[in-house]
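S.K.: Pulled these from TrEMBL:
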- A:55-471: domain 'Ammonium transporter AmtB-like' (DOMAIN)
- A:55-78: transmembrane segment (TRANSMEM)
- A:90-110: transmembrane segment (TRANSMEM)
- A:155-174: transmembrane segment (TRANSMEM)
- A:181-202: transmembrane segment (TRANSMEM)
- A:214-235: transmembrane segment (TRANSMEM)
- A:263-288: transmembrane segment (TRANSMEM)
- A:300-322: transmembrane segment (TRANSMEM)
- A:360-376: transmembrane segment (TRANSMEM)
- A:388-406: transmembrane segment (TRANSMEM)
- A:438-469: transmembrane segment (TRANSMEM)
Amino acid sequence: MLKPKSQKAKQKKSRLFKYALLPVLTFIILLCISHATNAQTAPAASYKVADNTQWVMLTGCLVFFMNSGFAMLESGFCRSANAITVLAKNLIVFAIATLAFWLLGFGLMFGDGSEFIGTNGFLLQGYDNSPAIANDYQGVFDSLSWAAIPLSAKFFFQLTFAGTAATIVSGAVAERIKFAAFMIFSFFLVLSYSITGHWIWGGGFLYTLGFRDFAGSTVVHSVGGWAALMGTVLLRPRLGKYRKFNPDEKRSWRRTSFYGKKIVAVPGHNLSAATLGCFILWLGWYGFNAGSTLTAHPEAIAHIVIATLIAGAMGALGATFWSWQFYEKPSLSFMINGILAGCVSITAACAFVNIPSAAFIGFLGGALVVYAAVILDKCEIDDPVGAIPVHLVCGIWGTLAVGLFSQDPSTYAWAKDFFTQESSLKGGLFFGGGTNLLFAQLVGILLVSEFTVIFSAIAWIGISYFMYLTSSTSGSRFKVFKSLRVLPQEEVIGLDSLFAEGSDIQQLKREYIETQKQKRYWQRKRNLGK
Amino acid sequence: MLKPKSQKAKQKKSRLFKYALLPVLTFIILLCISHATNAQTAPAASYKVADNTQWVMLTGCLVFFMNSGFAMLESGFCRSANAITVLAKNLIVFAIATLAFWLLGFGLMFGDGSEFIGTNGFLLQGYDNSPAIANDYQGVFDSLSWAAIPLSAKFFFQLTFAGTAATIVSGAVAERIKFAAFMIFSFFLVLSYSITGHWIWGGGFLYTLGFRDFAGSTVVHSVGGWAALMGTVLLRPRLGKYRKFNPDEKRSWRRTSFYGKKIVAVPGHNLSAATLGCFILWLGWYGFNAGSTLTAHPEAIAHIVIATLIAGAMGALGATFWSWQFYEKPSLSFMINGILAGCVSITAACAFVNIPSAAFIGFLGGALVVYAAVILDKCEIDDPVGAIPVHLVCGIWGTLAVGLFSQDPSTYAWAKDFFTQESSLKGGLFFGGGTNLLFAQLVGILLVSEFTVIFSAIAWIGISYFMYLTSSTSGSRFKVFKSLRVLPQEEVIGLDSLFAEGSDIQQLKREYIETQKQKRYWQRKRNLGK
Amino acid sequence: MLKPKSQKAKQKKSRLFKYALLPVLTFIILLCISHATNAQTAPAASYKVADNTQWVMLTGCLVFFMNSGFAMLESGFCRSANAITVLAKNLIVFAIATLAFWLLGFGLMFGDGSEFIGTNGFLLQGYDNSPAIANDYQGVFDSLSWAAIPLSAKFFFQLTFAGTAATIVSGAVAERIKFAAFMIFSFFLVLSYSITGHWIWGGGFLYTLGFRDFAGSTVVHSVGGWAALMGTVLLRPRLGKYRKFNPDEKRSWRRTSFYGKKIVAVPGHNLSAATLGCFILWLGWYGFNAGSTLTAHPEAIAHIVIATLIAGAMGALGATFWSWQFYEKPSLSFMINGILAGCVSITAACAFVNIPSAAFIGFLGGALVVYAAVILDKCEIDDPVGAIPVHLVCGIWGTLAVGLFSQDPSTYAWAKDFFTQESSLKGGLFFGGGTNLLFAQLVGILLVSEFTVIFSAIAWIGISYFMYLTSSTSGSRFKVFKSLRVLPQEEVIGLDSLFAEGSDIQQLKREYIETQKQKRYWQRKRNLGK
């Protein structure tokens, strides 16, 4: 896609021909697929199906909208000279996740196959056996067949989840990663997400083991968090984030890393956008959690939404309290991340716990996010937007909370209604269910994290090597690992200089002088005309 | 929470222990409550219940999202040096309102009790007797039992309303109030809101009297408006908002207050955010008004939404026209506030009036907001975002409009369907219903405003005294009333300097120089390496 | 509305009286209409109706929210000195469209009448004969009677579409048009939109001919695009957008217009807002396309949403690829416009094509938007936000795509369910349907474009002449056509100087100095007090 610029002049004509091939080829391939696609004929839908589908589509829209929340949050927390890059990453990551999940991910995650991976249903080919939709043919999405909605609705809802997982990474690696490297990683992350997702939601071995994650504290958030952590560690901190103390500088305990360096605060450039992003994410979380029922069960969806709301609110209060303690000033950033922490924490347990438990889970999530952020910073792991404390730390806490606070399934009427599969769930440690569930949660957390860490390490390193080979600066003395990262000059100027918009800054200055000249000319002409 | 800074060094270790108590205590308290909570078992839900619940949850989401609209509107209309504070207030106010309404407010407002106050159902304990949900036990939320949706859905919808009422205040007191004072007031306002709300929506004496407020022109908006007015008056104007004329200055009639001072215009720093906020609020209002049916009645919800839409649009046109007349220029601020004015005006009457009446109600709301803003400014009541003209003045106008424009209930089929309680409503003055309804509206406006004014005056004064006692500057010559307000130096620099983000401005400058040094060092090293 | 300022002093008292007439007159007129309005009594709604109405209302809300997306997108792509004007245009255009569509448009578009224009149902007077709503009286909206939802819901949904069409123009004419001229044109555009809409969706001759446009690639987008093109051509480019090359300047092929001028890039001032706008629009499009079913058919809505999502994602990838080729850098603007291009392209065909076809349609839309933008710029047609490439070019491509990629109606179960009228549709050229449909699409595109071009040319010229007559500068040497446009001085300073907010810039500077003085005075007083 990116060619060495020196050969361009000669290739102009051949290039035109070559590039015209892309849509033609796309066309031919897609046309072939089109004709192969089996149309899904189904009996007339009942009202129950119509109701459920509406619910899933509208909550899916809320989850989709979370991407704009992430874009606002992440770009707001970054410096203005990198904002365009962050925004572009958040836009393109959803497009790439869409492509990856349509081509491969949905099949890997929900397609029939082994307990470890799905091997059917790629490119959305094949049926599912939803009750009340169609029962007369062989489906390939057994793990989703319990939900009485069309397959397309299930695909839409799950696709928005995959997009969310992919977008978590972009904040943590912001302000230094190469745009193309991030694009490629997003594609692979969707595959990794789909495989571990299969273990839990696709009828895999973790589900069989008793691991429960209602809406994705582990499936979505901690997976995104682990991938972000690997990227952040491999990329190393932004320039100037951790620096040596000057000899005469006062050393504050709060601002000194474990390696004795000064932690430099890099405040975001647009907290207005970040706050809006937080509200959009909180709103989207109602869809995220309550839509995961895939069924418009009145009691269930109302319970889940208020659990999410109260966990978010308590997360805000917790993070405000603890950050106020620590920094002796209130902090808007921690209010925002506290709300997200509360929401991530309740994601796994939202349908299984009662409201006071949800309040505590959220409150502790808010406390965790503050101290996790402080400790990460002291470890010199540079996460510009706090994605790792929010998604990884609270994702793990939320998954454990299922093992601690779950009610017995008989407590909630809806458990019998639509969680027929959930009959093995006996409640958490604090509500008389013993340690079985907690143990399953621990095993799940470990296995998913191991897989994701290894997979994303391989992916990041592979991409480094690819960038090293294809980069125009590959001949220089830069090492392979540095190829993930933009050049230091670019980082200091701001990554937006690598974008068509950003590159016009110098141009614009010159143009402005021109406009001023034109204006003077024009005014002179007018004065003459009078 | 805020401790004198001098004692810190000694307390470091004991503090760690002390603060760790908070989550532990929270945990124990909530765990006890958790076990006390009666699980609400209910028979399988019918489709009607599923339909209604979906509608209420999704419109509740729209109302929830209004909080981001308020955040954008208020921060956009403020100066940039106070923006972080305004955003933080808008985030935390919803968290506090959630806590207050869950603990106390919902019980005070809808719990069974006297005609003046609810005394049951705190902490969401207890059942309600919704038709089609459960009829076999004793409920404690009789005033809500007519709606065929789960109690949690009712709670969610009402909670978002309480959050909205609380957030109205934040704009009017912006740019000068102490953050902690505002946080405490928000808690009390939710209680006040719940008590007056009980009179009207909780089966209280105003409802019995015939007072009607469909979606809250009085219950939500004028209550928030009165509390904002009291706060604004007690806080006094921002520094520099009203100043003496210079001897040689031209005095414009428009820009002179009734006390002969110059009215200084303080334009907002981000009208882009304010416009977005306006659209979000307008969108949210469809949920606010149409969700108040608590029933997905097709005719009713469609009618209410187009009434709200047309009132908002006519409010925009009215405010544009009148502000264009007054200032001889169009004004975006007044377009925005005109839309909100139209929406507030139609809130009480949206289900009772026909579309042309809604158009007029909105149009006059748009005119009122312009002149109310002008008069308030001339009275030297400093409301940075126009919350009082929009919510208080148009809230009163909207409540009166019910008495003037209501149709006879037999006109609309839905009145019979779900407003069985509304049988006493005989239509407004202009549609043959006589003055009974208008009289009830007047009585309701007076009583609610009296209660709110007295309650919030007491609350503001009490908080002043509390801040006076706890503030580190309490030993100085400042009076009790000034304790609500930040120090003048802080106000001039901008309230954001009191936030962790804002305080880094000086720090950042120093860090930037450091980064530059590092960059030069790095480049030198690279050049040597070549 | 805008009066010469010289006469003001004398008229102050008479003006007060005169202006008070407006609300009184409005009141009397609307009261008369109010009493004439026939209340629509209907039998109790079935669950099917309740379901469908919920769906249409909520998707209508999403479409309504698209207006905020347009506001953010257009203001973000403009320069900051014109941002308030663009925001104000986007707010007021929806208010005007609401008024125009309520008074006239809905009747012109969907009212019974001839095959060319509707002549009934103005001011929302009259009934429709929806199945399951009411069958016992004579309706006047036959073209909408197939949808089993209340008339108000249909009106709401269609109104949001009319608002969308009107708002497309505002971006293309931004940064130079007079505010009042744009307001008037918006009113007329809604009428033009309603007339051509009648031909296709109102039971007109194009529908009879076999022309199909599911959700409005032609009805909404290309109509808005043609009106925008006419406005852009008549207004001529912004000052400084195309300028002579300096003698010693390097000429780049990319940056040279067909007339040999230098194309000056004018980057937007707030790509954060533009990105948010893009996400809001993409979200709104799910409502736009899937709500156009007017029926919550599970299979149909899920299919349409994923077609829209995948077309948008492929549009983003296509535009990113092609703009990266062309400019040798990625471009956020083209990612944004690529998503919109994909969505516009799939709008007409979303219910008729399978997912791989949708992917190709979106991908080619993304490529088209890049090259259309380049060619328009080379033609010196100055479209600040890219509205013409997105809405006009992709609107035409999307309409043609119906003729190429449509499946046979029997493929999709829902076609039989609710598209009983669609029985003549035999599929597109590539799926065995022959050229009939493609031919009908071509005829429709030609006729609609001809009408819109002529109508909007007349409207623009009429408004020019009106502005020429009423403008205070009409006595000068400016020609009629220039009257659409602000004065060059105003354009150079920025159009925001014409707004009440913007005009305070100088004022603010003076006030700020005053505040500084007050601050010093205050500090001195405090120091004395110590």
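From the backbone N, Cα and C atoms, a Cβ is placed for every residue, glycine too.
Give me the structural setting of these features: burial, nearby parts and distances.
M.R.: Long-range Cβ contacts of the transmembrane segment (A:90-110) within its own chain (Cβ-Cβ under 8 Å, at least 6 residues beyond either end) map to 67, 70-71, 74-75, 117-124, 141, 143-144, 154-155, 158-159, 162-163, 165-167, 170, 182-183, 186-187, 190-191, 193-195, 197-198, 201-202.
Beyond the transmembrane segment (A:155-174), the same-chain residues lying 6 or more positions past its ends with a Cβ under 8 Å from any Cβ of the stretch are 56-57, 59-60, 63-64, 66-67, 70-71, 73-74, 77-78, 82, 85-86, 89-90, 93-94, 96-98, 100-102, 105-106, 109-110, 124, 182, 185-186, 189-190, 193-194, 216, 219-221, 223-225, 227-229, 231-232, 235, 288, 291, 294, 383-388, 391.
Remote same-chain partners of the transmembrane segment (A:360-376), defined as residues 6 or more beyond its termini with a Cβ less than 8 Å from a stretch Cβ, comprise 254, 310-323, 326, 334, 337-338, 340-346, 349, 353, 383, 386, 388-390, 393-394, 397-398, 401, 405.
Counting same-chain residues at least six beyond the ends of the transmembrane segment (A:388-406), those with a Cβ under 8 angstroms from any Cβ of the stretch are 168, 172, 212-214, 217-218, 220-222, 224-226, 228-229, 232, 337, 340-342, 344-349, 352-353, 357, 360-361, 364-365, 368-370, 372-373, 376, 381, 425, 427-431, 433, 435, 437-442, 444-445.
If one looks beyond the transmembrane segment (A:438-469) by at least 6 residues along the same chain, the residues whose Cβ comes under 8 Å of a Cβ in the stretch are 178, 180-181, 184-185, 188-189, 192, 195-196, 199-200, 206, 209-213, 218-219, 222-223, 226-227, 229-231, 234, 396, 399-400, 402-404, 428-429, 478, 480-481, 483-484.
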S.K.: Do you know the mean pLDDT across the domain 'Ammonium transporter AmtB-like' (A:55-471)?
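M.R.: Summing pLDDT over the domain 'Ammonium transporter AmtB-like' (A:55-471) and dividing by its length gives 91.
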